[in-house]
Amino acid sequence: MKSLKGTKTAENLMKSFAGECQARTRYTYFSSTARKEGYVQISNIFLETAENEKEHAKRFYKFLKDDLQGEAVEINAAYPVELPTDTLTNLKFAAEGEHDELSNLYPSFADVADEEGFPEVAAAFRMIAKAETAHYNRFMKLAKNIEEGKVFKKDEVVLWKCGNCGFIWEGAEAPLKCPACLHPQAYFEVFKETY
C-alpha cells in the first residue's frame, strides 16, 4: 500500500479511530446504567458492542501504525458529549451515532480512500459500516422493547433463560425472580438456540 502520510485518508482513519474509542467508552457507561435499571441483557449488549467498537478502532489504527509509526496525525473533528441518563435515551443516542457512521461518515471516508488510491482502506470503511448497521438495528429494537414494555413480556409464549444460572422458563412473561437461583427478573432474556 502506498504511503498515507499527508492524505485525507490518514485524517479520516484517525478521526474514525478516535470516534470508535469514544463510542466504546460511552457504551461501557451506558452498560452500567442499564444494569442499574434492571436491564442485564441490554447491559451485556452495550458491553459486547463496546468490544466491537474496540475492534473497529484497532482496524483503523493498524492502517496508520503500519505506515506512520511514531508520527502524529492532526485531526479536527467534533465528538458528542452524552453522559448516561436512562437506558432508553442511551439506546436512542447510540443508535443515532451508529446511523451517522453507517449512512454518512464511513461511506464518505470510503469514497475519499478510493479517490486517493487506498482500496483496502475503502473496503474496511465499507465493511465496518455494515457492522454499524447491525448495531443500529439492535439498538433500535431494544429501544422499541423498552417503549412497548416488551423487555420482559411478549405477546406470545416464549422461552426465557436466566442469565445467572441457565434456568429455562416458558411463558409470555419472565418470572419476577428465578425459581432456581432467586435472581431478579433483570437476569432473564428470551432464549433462542442459534447453534
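Including glycine, each Cβ sits where the backbone N, Cα and C put it.
Binding of Fe(3+) 1 is attributed by Swiss-Prot to Glu20, Glu53, Glu132, and the same site annotation extends, among Glu74, Glu101, Glu156, to Glu101. Binding of Fe(3+) 2 is attributed by Swiss-Prot to Glu53, Glu132, His135, and the same site annotation extends, among Glu71, Glu96, Glu98, Glu170, to Glu98. Most Cβ neighbours within 10 Å, among the binding-site residues Cys165, Cys178: Cys178 holds that distinction in the structure as shown. Taking Cβ-Cβ distances under 8 Å and a sequence gap of 6 or more within the same chain, the neighbours of Cys181 (Fe(3+) 3 binding site) are Cys162, Asn164, Cys165, Phe167. When the domain 'Ferritin-like diiron' (1-150) is classified with DSSP, helix, strand and coil residues number 116 helix, 0 strand, 34 coil.
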